[in-house]
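**Student:** Before anything else, here's the structure in question.
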Amino acid sequence: MFEKILVAFDGSKPSEKALDAAIELAKKFGSVIHLVSVITLPDYAVLKNEVAEVQEEEGKFYQELQNKAIESRKGEVGIKSVIIYGHPTDRIVDYAKSQNFDLIVVGSRGLSTTKRFFLGSVSDKISHFSPCPILIVR
Amino acid sequence: MAVDLYPTALIAVAITAAGIIGLKTKISSSIFEVGAGMVLANALGIGIIPWLDFLGTFGGLILTFLAGAEVEIALLKRQAKQSFGIGTMAFAAPLVGIVTVLTVFTDWSWQAKLAGGLALTTTSVAVVYAVLTEYELIKTPTAKTIIAVTFVNDILTLLGINFIQTSFDLVTVAFVVIMIALIPTVPILLRKVVRDFGRKAVEIELRFVLAILFAISFFADQASLHSVFGAFVLGLIFANTIQQHQEILSKMRTVTFSLLAPAFFIRAGMLIALPAIIANIILVFGLLGAKLLSKFIGVYWLCKKCIPEAPMFSTMLFSTGLTVGSITATLGRQLGYLSDIQFSIIIAAVILSAVVPTLIAKRFVPTNIINK
């Protein structure tokens, strides 16, 4: 039923919970998990190197987080590490479309109404534009 | 002379706040620094204090140097034919377009028209690079061509500022000769400095680069050229070598982004007269429209021929502008070509040109070549 599962991962507790939930599902359905982190590049940057530096530093940061998360759950199911660039919602939805996922699993940060109004909720937005079913883990 | 700590504290807080807002919104802090400068000057009545003026000038020079140092000479050589053709049109078409609009609708002096036109001819390498990276196009041949064109566009703009008012003499010739002599000398000198004095707490290699930067900027000024042109050419000469010494670039970025670039953009914001923008808002949008239309007329058909997989996407990316445009406008004001009102109008149009074409370009992303 769920051959390919996308887990949106930023190293936060909710995203760790999302990964755990995805692993449980993957065990049942024999799915492959893509652990996806999105690096947001600065819009309207001043220098090319400003962008390259964000790419490099945040790339290392997310790679380490992903490695730790995968290492601590080693052997349970197949997990592929993926890092992409851009605005989280757009890029996760684009990636899900391009790779034909069967399920997206995201953690909910439990934002307050005010924060949700100003910052927006990634899980909310993904649920609106997702090409496949989405599981929001609290 | 004692430093007035009230404006100093306000500026320091504004720089920090702009950086935090930039990080939270994932928009470059430079936009918020310009905004903070506008608030400081227009709402709180803070003037440009001497240290900010110096750091802002220093910031403009180092940003220009780094823009030059980012140019990938090998890529430029490989893409020479296409990039020079499209890049020249991406420079010339908006220059003609903007000068025409200013001639028809304003009574600006011809130097003001040229300075304004040049500030709006640019293509932002950084904005283009971010979009190409975001859509995973950066490694495609299409992206290589687009990046090479943006380099050519910036080179021509910075070359163009010397022709607003020409008074070349023998010192100009000496400057050109010395710059040519520096091409083979700089790599040897930099390698020697790094080998003999590198990785020490006193950062001799950084001092070396900054000393040459100021010396060449001064020399360019004396040679009836402009200091930022000297800084850019020096950056070009340093490009190949300094790209191999990422640790020097990293230290320069730390100094630039923590202090010098914020000073440059806050000062630019403080020079903006908000009432002038409001009173001339139609002209601001008219100039933005003229830039977009003239870039379209100038490069779209060439892009259709040379970049057939993404002609509209490329055309819109070539219509972006921010750093070199801001530097050119600031220089135009410093030299007295642009009045405060004219500078405010041009800088507003430059900032809009960073945002509007980028948003349009994202609607034309060539998804067919992604992941190929």
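Using N, Cα and C of the backbone, Cβ positions are placed for all residues, glycine too.
Sharing the features that TrEMBL gives for it:
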type     : residues  : note
TRANSMEM : B:6-23    : transmembrane segment
DOMAIN   : B:14-362  : domain 'Cation/H+ exchanger transmembrane'
TRANSMEM : B:30-52   : transmembrane segment
TRANSMEM : B:58-76   : transmembrane segment
TRANSMEM : B:88-108  : transmembrane segment
TRANSMEM : B:114-133 : transmembrane segment
TRANSMEM : B:170-190 : transmembrane segment
TRANSMEM : B:202-219 : transmembrane segment
TRANSMEM : B:225-242 : transmembrane segment
TRANSMEM : B:254-275 : transmembrane segment
TRANSMEM : B:281-303 : transmembrane segment
TRANSMEM : B:315-335 : transmembrane segment
TRANSMEM : B:341-361 : transmembrane segment
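Quick one: how deep are these features, and who are their neighbours?
**Tutor:** Residues 29-33, 35-37, 39-40, 44, 46-47, 49, 51-52, 259, 262-263, 266 of the same chain lie 6+ residues outside the transmembrane segment (B:6-23) yet bring a C-beta within less than 8 angstroms of a C-beta in it.
Sequence-distant contacts of the transmembrane segment (B:30-52) (same chain, six or more residues past either end, CB-CB distance under 8 Å): 1, 3-4, 7-8, 10-11, 14-15, 17-19, 21-22, 261-263, 265-275, 322-323, 326, 347, 351, 354.
Long-range Cβ contacts of the transmembrane segment (B:58-76) within its own chain (Cβ-Cβ under 8 Å, at least 6 residues beyond either end) map to 83, 125, 144, 147-148, 151-152, 154-155, 158, 210, 213-214, 217, 227-228, 231-240, 242-243, 249, 252-253, 255-256, 259-265, 267, 323-324, 327, 330-331.
Using a Cβ-Cβ cut-off under 8 Å and counting only residues 6 or more beyond its ends in the same chain, the transmembrane segment (B:88-108) has close neighbours at 114, 116-118, 120-121, 123, 149, 152-153, 156-157, 160, 283, 286-287, 290-291, 293-295, 297-299, 302, 318, 342.
Same-chain residues lying 6 or more positions outside the transmembrane segment (B:114-133) and placing a CB less than 8 Å from one of its CB atoms are 28, 67, 70, 90-92, 94-96, 98-99, 102, 108, 143, 146-147, 149-151, 153-154, 156-157, 160-161, 163-164, 287, 290-291, 317-326, 328-329, 331-332, 335, 337-338, 342, 345-347, 349-350, 353-354, 358, 361-362.
Note on the transmembrane segment (B:170-190): residues 205, 208-209, 212, 216, 219-220, 222-225, 230, 233-234, 237-238, 240-242, 245 of its chain, located 6 or more positions outside it, place their CB under 8 angstroms from a CB of the stretch.
Here the transmembrane segment (B:202-219) has long-range neighbours at 61-62, 65, 175, 178-179, 186, 189-190, 193-194, 227-228, 230-231, 233-234, 238, 242, 245, 248, 251-252, 255, meaning same-chain residues at least 6 beyond its ends whose C-beta is under 8 angstroms from one of its own.
Within the same chain, residues 60-62, 64-74, 154-155, 158-159, 161-162, 172, 175, 179, 182-183, 186-187, 190-191, 209, 212-213, 216-219, 248-249, 327-328, 331, 335 sit at least 6 positions outside the transmembrane segment (B:225-242) and bring their C-beta atoms closer than 8 Å to a C-beta of that stretch.
Counting only same-chain residues 6+ beyond the ends of the transmembrane segment (B:254-275), those with a CB under 8 A from a CB of the stretch are 11, 14-15, 18-19, 29-30, 33-42, 46-48, 52-53, 55-60, 62-63, 66, 206, 326, 329-330, 333, 340-341, 343-344, 347-348.
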**Student:** Below 8 angstroms Cβ to Cβ, which residues of this chain, lying six or more residues outside the transmembrane segment (B:341-361), approach it?
**Tutor:** 31, 34, 108, 112, 115-116, 119-120, 122, 124, 127, 131, 268, 271-274, 276-277, 280, 283-285, 287-288, 291-292, 313, 316-317, 319-322, 325-326, 329-330, 332-333
**Student:** Determine which residues of the chain contact the transmembrane segment (B:281-303) at the Cβ level, with the cut-off under 8 Å and only residues 6 or more beyond its ends counted.
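**Tutor:** Cβ under 8 Å, 6 or more out: 85-86, 89-90, 92-94, 96-98, 100-102, 105-106, 116, 120, 310-312, 314-315, 318-319, 321, 345-346, 348-349, 352-353, 356-357.
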